[in-house]
Ligand SMILES: Nc1ncnc2c1ncn2[C@@H]1O[C@H](COP(=O)(O)OP(=O)(O)OP(=O)(O)O)[C@@H](O)[C@H]1O
C-alpha cells in the first residue's frame, strides 16, 4: 500500500492527538464510521446496478429496466442522506473535540510562569488558542470523515476493478499511486510556506492586541502614526507569505486537473481495447468509466485534504510548540511537599540573587532579611530598585537564581502552588477586573461567601454608596477591564477580594496609589484592621502609607541599603529612612 505513506503525514503525532480528543466521543465517532462505511458501500454498488440497467436495456425491452432504474434512484437517495448525516456528525465531532483542546490550551497557559508571558504576548496566545484550534477543528472533522472515507472508497473501487478485470485494476492502482505521490511531493514542498503564514499571523495578532490594549496611551502621546506604520509593516510581511502558500495550493489544483484527465484517457483506451476484443460488455465499459469518475471524487478531495492538512499540520506544529512549553515554576515533586502551617507566616530571604534572564543581569543581589509572623514590613526605594521583584519571588512567579525564600520557615519551592497562592494575598496598582458580576469579581467565584459579608467589606472600604447605587446590586455586571469603574474604585474592589479571602500574608504593592487622600485615609484604617493578626508587606512611594508598619526595608539598585524597626530608623537622624522622610515632608512621594 505504497500510496498510504505518500503524503508523509506524521501519523503518530496525529494519532496521539486524535486518540486524546476523540476517545471521549467514542459513540459519535463509531456512528460516523458506520455512516461513512454505508456511504462507501452504496457508492460501490451503484455502478453495478447501472451496468445491469445498461446491459438489460440493450438486450431486452424497455420495461425490463424499470426495476434496476428504481433501485438506482433509491440507492442514490439513501446515499445522499448518509452523506448529509456524516457531514453533520463530522462537524459536531470536530467542534466538540476542538473546544476541549481550546480549554486544555488555556489551562496550560494559565499554569505557566512569568517568563512565559514575557515571551508570548496576549495577542499571540489568542491566535494559538483560538485561531490555530479553529484551523484544527476542520482537521478533526476532515480526518475522520474525508480521509478515512475517501481512502476507503478508493480501496473499494480498486478492489472491484481488480475483480472485474485485473488489467484495469492494475492500471488504476498505478494511476492512483502516481496521483497521491504527486500531491504528497507538492505538499512537502509547500508546508514551510504555511508555517510561515501562521507565524506572521501570530505576530500580527500580538501587535494588534498590544495596540488595542494601549489605545489611551497611543492617543495621548500622539503615536497613532507610528502605530499605523507598525500595523502596515506587519501586513506587508504577511502578504507575500500568503501569496507563496496560495501558489502552492494552485499548483496542487492544476496537478489534479491534469492527473484526472490522464486517468480518464487511460480507462477509455484500455476499456475500448477490452471491448473490441469482446472481453467486456458496453455496460461494463460504462461501469468502469463510472468507477473512474468515482475515483476522481476522492482523489480530488484528498488533494484538498492534503492542502488543508498542510495548514492543519502548521496549526498542529504551533499548538505542539505551545504545549511543549513546560513551566519552570512547578509544584514540588511528590514526597517533597511541605505544606504551610496555620496562622500568620514569617518571611525569610536568605542570600537571594535574581534576574529576569536575557540581558537584564541581576535585578536583586545578596538579599537577606527576615520578618516575623504577624509583623508588617514596609519596602521603600526608588523606581527600579527591585521592590516588585521581591514580591514576584514571594508569590513564586519566578524562582531566585541563588538563595532561598522561606515562608513560615518552609522553602517555598516545597509548598504546593495552589496553597501558596491561597495563603498569600496581593493587591497591586494594576488591578484586573473580570467581565462578570460584582459578586464574582470580589469573591472570585467562591460561592460559600455570604452576600452580607461582601456588603460589610464594601462598606468598610468606603464602597457602600457606590454599591447601593448599582442597578442590580451584587449581580450588576462589570465589563472587562473595569470599564465604568474609576481606577480608585477598581483598586478598592481588589482590596475587597483580599479582605474576603483571609490570607496569612498580605502584600500591598502601591495598592492605594490611585485613591484620593480622604478615601486613602479610610482604606488605611480598614487595611490596618485587615492586617491585624497577619503578616504584611507594604510597598509604597508615599511614605505616610507606612505609618503603621513595624519594620522598614530600604532598597537601592537591587540590594538592601538599610533595614530595621520603623520606629528606630525614624528616630536616627542619619538613617536613610529618616532622610527620605525629611526629603518627602511636604511632598507626596519619594
Ligand atoms: N518583567 C521584567 N523583565 C525584565 N526586567 C524587568 C521586569 N520587571 C522588572 N524588570 C527590571 O527589574 C528591575 C527592578 O524592577 P522592579 O519592578 O522590581 O522595581 P520597583 O522597585 O518595583 O520599581 P517601581 O517602583 O517602579 O515599581 C528594573 O531595572 C526593571 O527594569
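Start at 1 and count along the chain as shown; that gives each residue its number.
Glycine too: its Cβ is placed from the backbone N, Cα and C atoms.
Unlike curated entries, TrEMBL annotations are predicted automatically.
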Matching range for TrEMBL feature annotation, transmembrane segment, among 200-219, 220-239, 280-299, 300-319:
280-299
Quick one: which of 251-274, 323-346, 347-370 does TrEMBL have down as transmembrane segment?
251-274
Ranges 21-42, 87-108: which does TrEMBL label transmembrane segment?
21-42
I'm validating the feature mapping. Which of 138-161, 378-401 is tagged transmembrane segment in TrEMBL?
138-161
Out of 21-42, 62-82, 251-274, which stretch has the largest tally of CB pairs under 8 angstroms to the transmembrane segment (280-299)?
251-274
Would you mind listing the long-range same-chain contacts of the transmembrane segment (251-274), meaning Cβ under 8 Å and 6+ residues beyond its ends?
165, 167-168, 171-172, 175, 178-179, 182-183, 186-187, 190, 280, 285, 288-289, 292, 295-296, 299-300, 303, 306-307
State the residues, same chain only, that lie 6 or more residues beyond the ends of the transmembrane segment (21-42) and have a CB under 8 A from a CB inside it; answer 'none' if no residue qualifies.
75, 78-79, 82-83, 85-86, 89-90, 92-93, 96-97, 100-101, 140, 144-145, 148-149, 152-153, 156
For the transmembrane segment (62-82), give me same-chain residues lying six or more residues beyond its boundaries with a C-beta closer than 8 angstroms to one of its C-beta atoms, as numbers and ranges.
35, 38-39, 42-43, 45-46, 49-50, 52-53, 56
